[in-house]
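A.B. asks: Found this in TrEMBL, in case it helps:
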type	residues	note
BINDING	Gly165, Arg166, Ser167	NADP(+) binding site
DOMAIN	5-120	domain 'Tetrahydrofolate dehydrogenase/cyclohydrolase catalytic'
DOMAIN	139-281	domain 'Tetrahydrofolate dehydrogenase/cyclohydrolase NAD(P)-binding'
Amino acid sequence: MGQIIDGKAVSAAVKAEVAEETAKLREEKGLKVGLAVVIVGNNPASRVYVNNKKKACEAVGFQSFEYALDENTTQEQLLDLVNVLNRDDRVNGILVQLPLPKHIDEKAVINAISPDKDVDAFHPINVGKIMIGEYSFLPCTPAGVMRLIESTGTDITGKQCVVIGRSNIVGKPQAMLLLQKNGTVTICHSKTKNLKEVCLGADILVVAIGRANFVTGDMIKEGAVVIDVGMNRLDNGKLCGDVEFESAEKKASFITPVPGGVGPMTIAMLMKNTLTAAKQQAGIE
Ligand code: GUN
C-alpha cells in the first residue's frame, strides 16, 4: 500500500514559511507584499480559484488586489489594466486567471505582464529562463509537484521520470524541473505509443493529461512515486484525478490523493513566487 502524500500539510508548511518571511520583511524593512488577481467573466471554477488565492494572500499577510471584470471586457481594456498594474508599486505580482473569454488573445495578455511581476511564470522570458535553469519564478503547479516529491525523501538523480501531458503550464515545465534534478525524463502525450510499457518503467510518474482515471494500477511499477495533477469532475459531481487511486495505491510507494494532493500546492507556490517578486523588486534578492 502506498503512503499518501498530504498536499494540505506540505502546502501549509510552505505558506507558514512565506508568512514568517513576510512578517519579517514588514518589521525589518517596512516592506509590504501585494498580489493583483484579475478575473474576466463568470467561469465558476475560476471564481473558486480566485477566491482561494485571495484567502491565501490574507493568510500569509499579503495585500490582495482583485479586479473582477465583466465578460464583455475588451482586450484593449484588459491590456490597459495590466499596464497600470505593471506600474503600480504596491503590486509585486500579477495573475490573470485563465481561461479568458474567447474574444481575448491570451498570449497577448500574458506577454503584456511585466516578467518581473509574472508570478505564474507564463511569460516567454520566464519560460525561456526555466529552459536554461536561471529562473526567479517557477510555474506554480510543477514547482508544487517538485516540493511534494521532495517531501517523500526521494532522490530524483538517475531515476526514470515519466510525465504524461505536454501542456505549457504543467507537462513541459515539469519535465524541465525533473531534468534539472538529474532525472531521466520521458514526456508522454495522447499520441504516445506503448504508453503502458513506458509508464511501467517509471520510478516517478507525474500525470497531467486531464482525463479521469486515465492511469490504472497495471500501468504502475511496484514502488513508484505517483503524482496526480488531474482534477476532473465526474457526472456524479465527485472530483477525481487522472489516476485511478484505488488500483494505483496498491502499487505505488507514495501517491497523491485528489483532492488534497497537488491542488493546495499550486496556491502555496504562488504565494512563494509573489514573495520572491517583492524581494527582487526591493533589491533584496
Ligand atoms: N487557470 C488554471 N490554473 C491557472 C494558473 O495556475 N494560473 C492562471 N493564471 N490561471 C489558471
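Positions of Cβ are set from backbone N, Cα and C atoms, glycine also.
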A.B. asks: Inside 8 A of the center formed by the CB atoms of Gly165, Arg166, Ser167, which other residues of the chain have their CB, for the recorded NADP(+) site?
C.D. replies: Val163, Ile164, Asn168, Ile169, Val170, Gly171, Lys172, Ile187, His189, Ala208, Ile209
A.B. asks: In three-state terms from DSSP, label Ser167 (NADP(+) binding site) for me.
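C.D. replies: Assignment for Ser167 (NADP(+) binding site) reads coil.
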A.B. asks: So among the binding-site residues Gly165, Arg166, Ser167, who's got the most Cβ atoms within 10 Å?
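C.D. replies: Output for this query is Gly165.
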A.B. asks: Could you pull the average pLDDT for the domain 'Tetrahydrofolate dehydrogenase/cyclohydrolase NAD(P)-binding' (139-281)?
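C.D. replies: Looking only at the domain 'Tetrahydrofolate dehydrogenase/cyclohydrolase NAD(P)-binding' (139-281), pLDDT averages out to 97.
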